Amino acid sequence: MVFWPSIVVATPAHSGVGATLTYRSELSLAPGALVRVPLGSREVLGVVWDCPDTPPEGLTEARTKVVAGVLEGLPALNGCWRQLVKFSAQYYQRSLGEVALAALPPQLRELDSTQLARRLKRRAKAAAGVPPTAPEALQGHDLSAEQAEALQALAAATAPVLLYGATGSGKTEVYLRATQAVLETAAPENEAPTQVLVMVPEINLTPQLEARFRERFEPAFGAGSVVCLHSGMTPAQRLTSWLAAHTGSARIVLGTRMAVFASLPGLRLIVVDEEHDPSYKSQEGARYSARDLAVYRAKVESEALAAGGALLQAGPHPRPLPEGEGARGGGVVNPRCQVLLGSATPSLESWHAADQGRYLRLEMPGRIGGGALPRLRLVDMNHQPKGAVLAPPLVAAMGERIARGEQCLVLLNRRGYAPVLACHDCGWKSGCPHCSAYRVFHKLDRTLRCHHCGFTERVPRACPDCGNLDIAPVGRGTEQIEEQLAGLLVDVKRPDGQPARVARMDADSTRLKGSLEVQLAALHSGEVDVLVGTQMIAKGHDFRRITLVAGINADSALFASDYRAPERLFALLMQAAGRAGRDAAQSGASEMWIQTWYPQHPLFVTLKKHDYPAFAAEQLTEREQAGMPPYGFQALLRADARTQQAAQAFLNIAAEQAAGLPHRDQITLYPAVPLTIQRVANVERAQMLVETDSRGALQRFLSAWQPVLHACRSAPEAKGLVRWAVDVDPLSI
Ligand SMILES: Nc1ncnc2c1ncn2[C@@H]1O[C@H](COP(=O)(O)OP(=O)(O)OP(=O)(O)O)[C@@H](O)[C@H]1O
Ligand SMILES: [Zn+2]
């Protein structure tokens with residue numbers, strides 16, 4: 001008998017190759033099976049999507065190729081996984097093949113059946129070799145009342161849950177307990193053991209979280225029970241983690257946004273920590289939001305489970321869960337897959353969903369131990385000595401803290417020594433020859449570096465234009481603040497009589513593998529008294545001895561053109577403040593200092609009260625009036641070209657050709673504009689905003705627009721176009 005499997009292979013969105021390719025096979029192949037198939041002159045990895053025993057109309061044996069082999073020993077990817085991939089491709093306007101293959105570990109593409117069999121055997125051996133050391137060891141903290149309540153509400157919830165918990169309220173313990181509850185639930189016979197997916201914005205930033213999950217679960221569930229998935233791993237490590245998750249030997253996957261696509265046959269809970277974090281949105285390929293996909297995935301998994309494990313073979317369209325099922329009356333819906341989004345500063349999208357009742361909001365307003373949130377102190381820079389980078393009262397306050405054995409954090413969102421180097425004689429500035437941006441002065445290695453294209457040169461001895469020897473840095477970055485603080489605090493002594501120690505943590509200082517851990521450890525152990533850094537110091541860390549946090553240049557974001565800038569600034573400052581006073585004993589005296597020229601700005605007034613709900617309500621009102629997300633729906637059409645003219649021409653032709661497409665009358669297409677940083681690496685960039693008040697209309701319009709966009713590529717006016725892309729639900733405009 002001959003079968004005619006339709007198979008998904010890696011095809012870029014623009015290749016024009018259809019969603020699936022038809023092959024022949026003498027075996028019936030399960031949907032989701034991984035196969036190797038010929039494509040052109042190569043043999044590539046493919047995923048079986050369907051396997052009918054009749055050929056599609058018009059296809060003959062002569063015109064189809066034969067499946068080269070099946071990756072044996074590997075279970076098929078289940079229906080939920082395939083549905084997630086299919087939805088992502090449709091929603092984010094990419095090809096099915098691109099999304100499906102990008103969701104698999106890259107190394108899987110290179111293995112044949114024999115190599116894979118060897119891998120699997122080694123895996124099985126390793127998994128069997130590490131039994132739990134202490135099956136009963138699942139010690140956690142005694143829960144606070146708020147944690148216990150949140151967990152109880154979570155257990156009964158049927159909607160996605162938004163855990164709105166203050167910084168230091170103990171959200172991690174809630175994740176751990178919720179995970180434990182899932183892992184202790186036995187899966188039905190012949191089904192994969194229960195699994196949990198925990199997502200974090202940047203795993204390297206929070207080695208603490210990984211350690212907590214390992215400590216808690218490995219003694220009870222074995223050393224292979226917790227695996228990581230993120231882009232910092234080697235291809236071999238990623239494959240190992242992926243296989244462990246796919247075969248069910250890993251019970252917990254801890255990962256960054258890419259982990260949302262992990263194959264998890266026993267998935268029962270998805271945790272999205274710091275759900276507001278922009279790094280959940282991919283900025284290349286399919287520009288997906290891992291947070292939004294997590295919510296979708298949990299829904300699909302729940303429906304499949306409710307349908308009795310049929311894993312969606314029946315139909316691709318998820319049904320909504322019955323309203324309020326199980327939430328009241330104490331009954332718990334089982335089995336299902338829950339999604340738990342956590343943050344002290346939720347995204348306005350999630351906050352709005354909770355306002356509307358689509359998500360269940362659970363609150364943990366108090367800090368563990370009853371500590372207070374830090375007091376906000378605004379330093380009016382209008383009243384400080386002219387040219388002062390750090391206000392004298394702030395430096396004095398830091399000195400007092402250090403003398404008492406406490407620690408300080410100084411936040412500045414700009415790395416390097418100074419953003420520009422300039423000649424005051426002729427006006428030369430350290431522009432990048434390849435980008436419409438300045439190169440940043442890095443004093444440590446005396447280079448000028450472009451943070452957009454990477455172009456790096458030694459600092460010139462004299463002005464390249466006029467020969468003036470006196471070229472000087474303008475503005476300041478973390479390197480300079482570190483240097484200045486070391487000088488300003490030179491007479492300050494720690495309680496042990498040693499001089500105060502200032503360190504820096506940013507993308508430069510943490511470039512080498514392992515250096516971030518070393519720097520964090522130095523802070524935790526008290527070796528360092530002041531840590532200067534970019535936003536990476538504000539994220540999720542559980543510092544115990546920080547009592548003062550200072551934001552020294554927040555103003556630039558106050559007047560940014562991007563309508564999301566206030567949301568991001570508020571979240572950043574509140575998260576930064578949240579690093580202070582986490583030890584309840586010291587929290588009463590903890591402070592967040594902000595240097596600003598605009599102390600009356602309403603954002604600071606709300607921040608002073610730590611009133612996130614008030615801030616969110618204000619922002620949402622503004623967004624509603626302006627028809628902005630989450631009330632309106634947006635996409636960006638982006639074009640990169642050799643000239644700005646060609647980039648814009650492509651966008652304009654695409655807009656013209658959109659006439660008559662479905663839902664065109666509900667869609668606003670804005671004029672094509674250059675990006676803020678218009679040229680990067682000698683490529684000119686432009687974009688066009690697509691806006692509507694209906695998500696459905698946007699989706700259908702974009703789908704219909706795809707073939708038009710492909711065709712516009714070859715318009716003579718667009719000659720020089722390098723690439724184009726659609727970004728659905730863009731985060732920055
Ligand atoms: N029930 C508890 N009893 C005692 N200590 C606890 C309890 N729950 C959590 N903690 C401790 O409280 C501290 C803060 O918890 P955690 O780091 O989870 O805060 P968080 O809510 O994630 O805050 P953030 O949003 O700032 O990351 C941690 O040191 C944690 O070990
Ligand atoms: Zn550059």
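Including glycine, each Cβ sits where the backbone N, Cα and C put it.
Per TrEMBL, the feature domain 'Helicase ATP-binding' maps to 152-364.
According to TrEMBL, the Zn(2+) 1 binding site annotation covers C423, C426, C463, C466. According to its DSSP assignment, C426 (Zn(2+) 1 binding site) is coil.
All protein chains included, C432 (Zn(2+) 2 binding site) registers 25 other Cβ atoms within 10 Å of its own Cβ. Summarising the annotation, TrEMBL assigns Zn(2+) 2 binding site to C432, C435, C450, C453.
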C423 (Zn(2+) 1 binding site) and C453 (Zn(2+) 2 binding site), Cα-Cα, nearest whole angstrom: 23
Check: same-chain CB within 8 A of Zn(2+) 2 site center, minus C432, C435, C450, C453: P433, H434, A437, R439, H451, H452, G454, F455, V680, A681
Reported mean pLDDT - the domain 'Helicase ATP-binding' (152-364): 87
10 Å Cα neighbourhood of C463 (Zn(2+) 1 binding site): matching binding-site residues from C432, C435, C450: none
Mapped DSSP class for C432 (Zn(2+) 2 binding site), helix or strand or coil: coil
Between C450 (Zn(2+) 2 binding site) and C423 (Zn(2+) 1 binding site): CA-CA distance (Å): 18
